[in-house]
Amino acid sequence: LQSIDIAHEKMRRGRLFINRGTVENSQINRSPFSYLENPEAERSRYSSNTDKEMVVLKMVDEDGYELGLISWFAVHPVSMNNSNLLVNSDNVGYASYLFEQEKNKGMLPGEGSFVAAFASSNLGDVSPNTRGPFCANTGESCDNPQSTCPVGGASMCMARGPGKDMFDSTRIIGQNLYLKAKELYEKASQEVTGPLISAHQWVNMSNVSVKLNATHTVKTCKPALGHSFAAGTIDGVGAFNFTQGSVEGDPFWDQIRDQLLGEPSNETKACHKPKPILFNTGEMTWPHPWHPDIVDVQIAAIGSLAILAVPGEFTTMSGRRLREAVKSEFDSHGARGMNVVIAGLCNVYTHYITTYEEYQVQRYEAASTIYGPHTLSAYIQLYRGLAKAIALNATHELSRGPEPPLFNVTSVTLLPSLSAESAPAGKTFGDVLEAVRQEYRETEVAEVTFVGANPRNSAENATEHNFLTVERYSNISSSWRVVLNDASWDTRFSWSKGSRGQSNVTLEWHIPAGTEPGVYRLRYFGHYKKRVSLFRTITVPFEGSSSAFHIT
């Protein structure tokens with residue numbers, strides 16, 4: 001909310017330039033067997049089973065001063081796999097970090113005026129883990145329709161990125177995206193001019209009638225997730241014995257579902273076929289509906305650029321069909337040569353959208369296509385309607401649609417409340433438990449451990465909290481200057497909970513090659529809960545610092 005406020009206050013007149021290009025070696029299709037279900041005639045029109053095109057929108061003010069960019073590209077930000085416990089913004093975040101560090105010279109991450117946004121597109125079946133899936137226990141490939149291993153089943157089948165570990169993979173993919181975006185940004189010369197028009201509707205996605213042809217009309221379904229949803233993907237495996245590609249239920253899990261959550265109605269079962277329903281979310285309403293019925297569809301058009309704000313994750317072929325349909329709709333109503341871009345995961349979240357053909361084999365993305373086999377056809381029909389309204393300048397004639405209900409969810413939380421904390425005997429919060437060495441070289445890791453407190457205290461009490469800084473001593477001014485913070489790529493903050501209200505915080509600085517020699521220190525900023533009476537605690541800020549150390 002605060003970032004929107006800041007952006008709104010800084011709004012000024014400017015110019016837009018668009019450019020597009022191909023990104024290589026940065027993605028694979030993680031459900032290639034689903035993709036192969038699409039008609040051969042359709043597949044033969046494309047050279048790859050992923051969309052490799054990046055679109056960059058460059059922004060400058062009227063005087064040519066650089067403001068920032070939005071880049072759209074189809075790849076999941078899952079280079080950091082689900083064994084990672086650090087808050088981070090993954091490959092696209094690293095691309096953004098690199099671009100902003102270059103443009104906001106001498107500034108800390110999150111500071112400076114230039115904003116580089118790396119946004120998602122039709123990334124539904126697209127993984128950044130380019131070496132593909134292997135069995136974690138045996139090392140053999142598990143690139144099969146069920147993504148299972150001979151020993152250990154589906155839970156052992158995981159995709160590997162191009163790097164030696166997930167940090168390295170994040171760096172490689174992020175750098176690829178950054179370098180291509182930089183090249184496209186610098187060469188962007190096609191100006192986007194013309195009126196700004198937005199067309200938005202709310203739609204009850206659980207009950208859309210779709211006209212497939214002159215004789216056939218089909219309908220979407222109440223939301224539901226299939227068995228393969230629980231299998232997860234090769235980027236983040238699920239649990240138990242679920243596998244991708246399940247077109248039949250499992251009596252054991254179906255019985256548990258029926259007893260805990262209620263059996264899906266025959267109508268919902270029939271509507272979702274061949275998906276075996278695991279979570280019948282459209283019929284689960286306690287304490288609130290588990291999935292939305294009312295969904296946003298929206299197109300924002302600036303001159304010849306149409307941004308399709310889609311409420312979920314379209315697969316590669318779903319995205320191609322949607323873009324093509326919208327483009328031809330614009331063409332047929334006199335708005336020729338539109339640049340159509342899919343902006344994924346906009347407004348409300350509705351999981352995945354596969355093609356009808358991909359839906360039939362029920363891998364993870366299909367099992368997560370919550371409104372049934374005709375979800376894509378419904379969206380294509382709806383987005384055609386928006387495009388027509390924009391082309392004919394008739395957005396005022398579009399019905400608003402049924403407004404989504406508002407729920408008061410602030411009272412419901414699954415987070416345990418934070419209780420009073422304590423430091424070990426003879427210590428206080430922020431004291432050093434394990435000190436830094438006196439000297440480090442480039443590529444080594446400087447590390448310090450403090451008496452810590454739950455970082456949630458800080459998150460809940462300070463909007464723009466910085467958990468750590470790396471500071472360099474300046475002989476000229478005889479003072480310490482902050483050179484890195486907790487958003488810097490080379491720093492890491494980890495909290496480990498102990499017993500009796502005690503915990504530790506460890507700060508790491510992975511010292512990169514090219515670091516300026518000199519005297520440095522690491523600082524930690526936290527808050528702890530202090531009990532002041534039987535029923536009342538207060539939050540107290542504190543800080544800690546390592547001793548000074550040399551980098552040689």
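Placement of Cβ uses the backbone N, Cα and C atoms for every residue, glycine included.
Quick look at what TrEMBL annotates:
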type     : residues        : note
DOMAIN   : 2-381           : domain 'Neutral/alkaline non-lysosomal ceramidase N-terminal'
BINDING  : H76, E313, Y352 : Zn(2+) binding site
ACT_SITE : S127            : active site, nucleophile
DOMAIN   : 384-551         : domain 'Neutral/alkaline non-lysosomal ceramidase C-terminal'
- [ ] For H76 (Zn(2+) binding site), just count the other CB atoms lying within 10 A of its CB, please.
- [x] 22
TODO: Restricting to the same chain and to sequence separations of six or more, state which residues have a Cβ under 8 Å from that of E313 (Zn(2+) binding site).
DONE: S120, N122, L123, G124, G344, L345, H351, Y352, I353, E365
Open item on the list: Can you tell me the CA-to-CA distance separating H76 (Zn(2+) binding site) and the residue listed as 'active site, nucleophile', as a whole number of Å?
Closed with: 5
- [ ] Enumerate the residues of the same chain, H76, E313, Y352 excluded, that satisfy the criterion Cβ within 8 A of the mean position of the Cβ atoms of the recorded Zn(2+) site; list them in sequence order.
- [x] L123, G124, D125, V126, G312, F314, T315, G344, H351, E365, S368
Open item on the list: On the 0 to 100 pLDDT scale, where does the domain 'Neutral/alkaline non-lysosomal ceramidase N-terminal' (2-381) sit on average?
Closed with: 96
TODO: Compile a sequence-ordered list of residues in the same chain as the residue listed as 'active site, nucleophile', six or more apart from it, whose Cβ lies below 8 A from its Cβ; state 'none' when nothing qualifies.
DONE: Q27, I28, N29, R30, V75, H76, V78, A159, T233, I234, D235
- [ ] Please report the number of other Cβ atoms within 10 Å of the Cβ of Y352 (Zn(2+) binding site).
- [x] 25
